[in-house]
Amino acid sequence: MVPAIKAGEIESKIKMNNNPRPGKCGQSESAIASLHPRTTQQGLNATGRWLALGALSLAQLMDVLDNTIVNIALPSAQHDLGFSNDYRQWIVTGYALAFGSLLLLGGRLSDLFGRRRMFLIGVIGFLVASVIGGAADGFMMLLLARVGQGAFAAMLAPAALSLVSVIFADNAEDRGRAFGVFGAVSGVGGALGLLLGGILTETLSWRWCLYVNLIFGAIALIGALMFVPRDDRQQRAPLDVPGAITATLGLVGIVYGLGSAASNGWSNFWTIGPVIAGLGLMIAFVVIERRVDNPMLPLHVVLDRTRGTAYLTLWITGMGMFAIFLFLTYYLQEILKFGPVMTGAAFLPMIGAVVISSIISGAVLFPRTGPRPLVPIGCVLAAVGMAMFTVIGATSSYAAHVLPALLVTGLGFGMIFSPVQNAATSGLRSHDAGVASAMVNTVQQIGGAIGIVVFNSLASAAVAAYLANHAAKASQPTTIIDATLAGDHLVFWTASGVFIAGGVLAALLFRSGAIPVLRSPEFAWGGSRAE
């Protein structure tokens, strides 16, 4: 087992890097480090760094909102292309399967072949897949486009996060501000997708829910070409092929099995079989990573206490987060009879709360306090917000019952995701930043998949139990609405408990105090400016 890097060892390495000494086989430490391509911030002025952040954040927004914007477009796409309900879920599952299974590989490729390079490839590929999906004339063409979007998103997402991490590696306050912005984008993307999807579907066509990526992607691409520093051309370390194969296939099994559980149930072979096989492959992956010289996921990345706690927190809160976007959307549309645009607009106050909370917690508080006080407080706020949703009913008012809960939940989300993303990518050697960033997205993806399955199962069981207890009136509309609300309330109570669990773990496992900024060539960036 590769040990975590301790603070004292880091300080020792920083001091030694100021006085190069011979390394193994007479090589200097800088020569050994050069086995991994680096991108540098040298020559990138303050304005350039923030413009680079804008381009990276825009690409992240495109990636995140695509998860919800297509969900709004699906009914119209299904009617237009003429495929059944049984096939409809695969438009969502196809994206999730490609994205979730290829994230670790995409993150490691960015470490080996250059973060800027993989980011540009990811954006271009995502745009091409979006155009193909928008022009789809049948189910299979749309499905392949969604799989392509997921595959290229698995390249751009970890590359974008790792670029933010290393561009802002040398100043705690700037790093906090950057992660405040990036965390806000990650938090609001899903809600913004609901609003934009409703507007585009009602005013133009469902196809524009895919074509709209051309606007975001083109601006992000131009910004990255102009302001994101070039990757150094240096000798590359070899790719850990056995690790890449086992990790990718293992994640395929887990994501596919969890996706199947929503429609087939937990006892079905196509749920249990892939999940067990996937877990077995992930165990084999860990064994491989302990033995190879250039592991795809160096175990010290996840065994470090701060980063490990950040990943665990993201996994747990990722489960709870999906409750609000999925079940509150159902409530607004099915119970309060909101249209797609009104449903999206209903989330706007939460977007504002997330932005404010992310920037304050990331830019002002995190550099001084670290994640320990912020993340538990954020989890408590999110838990309170979820609990507030348990009082909504068939005659509830949006302003009196839904809006306050949205605001509290949004404040909580902002205090969770910005600090946790920062902590998850702190204290890393530059050649591990990509795969560490991929872990952020991977644990959220797996957590979200588990959350969807568990919450759907709980809601279905609650609805069935309510109807069984009111069998004489089971066919009446009011009884069906009450049964649906019983399922929603159980989901929100469970999500509240999930956030409480995440907050307790964060309070117990995160260390107190600010996370030190590492100003060393081995840990931060150095290199050539974008031209």
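Including glycine, each Cβ sits where the backbone N, Cα and C put it.
Predicted automatically and left uncurated, TrEMBL annotations should be read as such.
As the structure is a computational prediction, the values presented were derived from the model and not from experiment.
Feature list (source: TrEMBL):
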DOMAIN    52-514  domain 'Major facilitator superfamily (MFS) profile'
TRANSMEM  87-106  transmembrane segment
TRANSMEM  118-145  transmembrane segment
TRANSMEM  151-169  transmembrane segment
TRANSMEM  181-199  transmembrane segment
TRANSMEM  205-227  transmembrane segment
TRANSMEM  239-257  transmembrane segment
TRANSMEM  269-288  transmembrane segment
TRANSMEM  309-332  transmembrane segment
TRANSMEM  344-366  transmembrane segment
TRANSMEM  373-392  transmembrane segment
TRANSMEM  398-420  transmembrane segment
TRANSMEM  490-510  transmembrane segment
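Sequence-distant neighbours of the transmembrane segment (151-169) (same chain, 6+ residues past either end, Cβ-Cβ under 8 Å): 39, 41, 44, 49, 52-53, 56-57, 59-60, 63, 66, 95, 98-103, 105-107, 109-111, 115-116, 118-119, 121-126, 129, 175, 178-179, 182, 228-229, 421, 425-426, 428, 430, 433-438, 440-441, 517-518, 523-525. When Cβ distances are compared across the two stretches, the transmembrane segment (118-145) makes no contact with the transmembrane segment (181-199), since fewer than 3 pairs at least 6 residues apart fall below 8 angstroms. Counting Cβ pairs closer than 8 Å to the transmembrane segment (181-199), the top stretch among 87-106, 269-288, 309-332, 344-366, 490-510 is 344-366.
Proximity of distant same-chain residues to the transmembrane segment (269-288), defined by a Cβ-Cβ separation under 8 Å and at least 6 residues beyond the stretch ends, is recorded for 240, 242-243, 246-247, 249-258, 260-261, 295, 297, 299. Contact counts against the transmembrane segment (344-366), taken as Cβ pairs under 8 Å, peak for 373-392 among the stretches 87-106, 309-332, 373-392, 490-510.
Within the chain carrying the transmembrane segment (309-332), a Cβ under 8 angstroms from the stretch's Cβ atoms is held by residues 68, 190-191, 194, 302, 338, 342-343, 346, 371, 375, 379, 382, 385-386, 389, 392, 402, 409, 413, 416-417, 420-421, 423-424, 439-440, 443-448, 450-452, 454-455, 459, 484-485, 488, 491-492, 494-496, 498-499, 501-502, 505-506, 509-510, all 6 or more beyond its ends.
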